[in-house]
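Novice: Before anything else, here's the structure in question.
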Ligand SMILES: O=P(O)(O)OC[C@H]1O[C@](O)(COP(=O)(O)O)[C@@H](O)[C@@H]1O
């Protein structure tokens, strides 16, 4: 008997179940923090996440995953997960978002998963995506991926009621962003340059008082873009993303995944439709989530779990005493 009726599409009990999925992946990765071995940490997170996903009462298909089938044993695109006894759902995941961050034990590595109704997530190929994002509470239309940074930042400062100098933009520290960085600095706004981890970068815009980040700008992975969009759908922020399909092969590949217009600008609503559940657990300490702590008698994890249909934001700090399970 199903005790928890589906409200807004997905069974709400899944929201809490999802926490275990990212908790386990985060603990597995955290055991390999700071060891300089990206691959080992990623594999540990993948194995732990797969094990927990397979306990969920869903018929899940990984649509945003760790690459193609031939790259197994990673959680590949098209892999079926779950017990097979529940509803069919789309799953976007990154068992270790920020593999290098974890290997160096730097801030903001996360274990991340999003679940949506079948056919609701953008099937993004593993290409780059141009992204712009701000948090909730601003009028629609104040950011535009095609506008100059000066315009987006001025609009945001005005809507926030602060001076441009009091705005902070988060940008991945990459040579490809040299012009963008110059343009943002020319506005007078501050930049937080991050080495990796733009899912966290986008999510940080949803709570500027806590994180100090007002806007995310720049180019990162498209799969990470869909994951971030899923989070923003739940918190009410605004995001735009455009796939960078700069070769005929990429255009063709995207077309086989259902992308008819190669230059389309997707909003968060278009990248993650319907009822969406999202969970992220800190692997390393970060601006929003604490990393995994290994104590004498228990392991501590810190997770946010979000749901779009209710806009609920839950923060779960868990003490895991049954250490055998980890
Ligand atoms: O390192 P690149 O090629 O600039 O790609 C940027 C992407 O890599 C990341 O920084 C880290 O991704 P991984 O966890 O796969 O290492 C993402 O957050 C970001 O979207």
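Placement of Cβ uses the backbone N, Cα and C atoms for every residue, glycine included.
Okay, these came from TrEMBL:
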BINDING   42, 66  Mn(2+) 1 binding site
BINDING   94, 97, 224  Mn(2+) 2 binding site
BINDING   97, 98, 99, 128, 174, 175, 176, 196, 197, 198, 221  substrate binding site
Novice: Quick one: which of the binding-site residues (42, 66, 176) have their CB closer than 6 Å to ligand 1?
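Specialist: Passing the 6 Å Cβ check against ligand 1: none.
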Novice: Are there binding-site residues among 42, 66, 224 that sit within 10 Å of residue 99 (substrate binding site), Cα to Cα? If so, list them; otherwise say none.
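Specialist: So the list is 42.
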Novice: When the Cα of residue 176 (substrate binding site) is compared with the Cα of each of the binding-site residues 42, 66, 94, 97, 224, which one is closest?
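Specialist: Considering only the listed binding-site residues, the nearest one is 224.
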Novice: I need the CA-to-CA distance for residue 174 (substrate binding site) versus residue 66 (Mn(2+) 1 binding site), whole Å please.
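Specialist: Taking the Cα atoms only, residue 174 (substrate binding site) lies 22 Å from residue 66 (Mn(2+) 1 binding site).
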Novice: Return the count of C-beta atoms lying within 10 angstroms of the C-beta of residue 66 (Mn(2+) 1 binding site), excluding that atom itself.
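Specialist: Taking every protein chain into account, the count is 24.
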Novice: Taking only the binding-site residues 42, 66, 94, 97, 224, which one has a CA atom nearest to the CA atom of residue 197 (substrate binding site)?
Specialist: 97
Novice: State, in Å as a whole number, the widest CA to CA span among the substrate-binding residues 97, 98, 99, 128, 174, 175, 176, 196, 197, 198, 221 given in the record.
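Specialist: Maximum Cα-Cα distance: 21 Å.
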Novice: Rank the binding-site residues 174, 176 by how many other Cβ atoms lie within 10 Å of each Cβ and give me the one with the fewest.
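Specialist: Comparing Cβ neighbours within 10 Å for the binding-site residues 174, 176, 176 has the fewest.
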Novice: Where does residue 176 (substrate binding site) sit in DSSP terms: helix, strand, or coil?
Specialist: helix
Novice: Which residue, of the binding-site residues 197, 221, has its CB surrounded by the fewest other CB atoms within 10 A?
Specialist: 221
Novice: Using Cβ-Cβ distances, find the residues under 8 Å from residue 94 (Mn(2+) 2 binding site) that belong to the same chain and are at least 6 apart in sequence, listing them in sequence order.
Specialist: 64, 66, 110, 111, 112, 113, 199, 223, 224, 227
Novice: Looking only at Cβ atoms, how many others are within 10 Å of the one on residue 42 (Mn(2+) 1 binding site)?
Specialist: 23
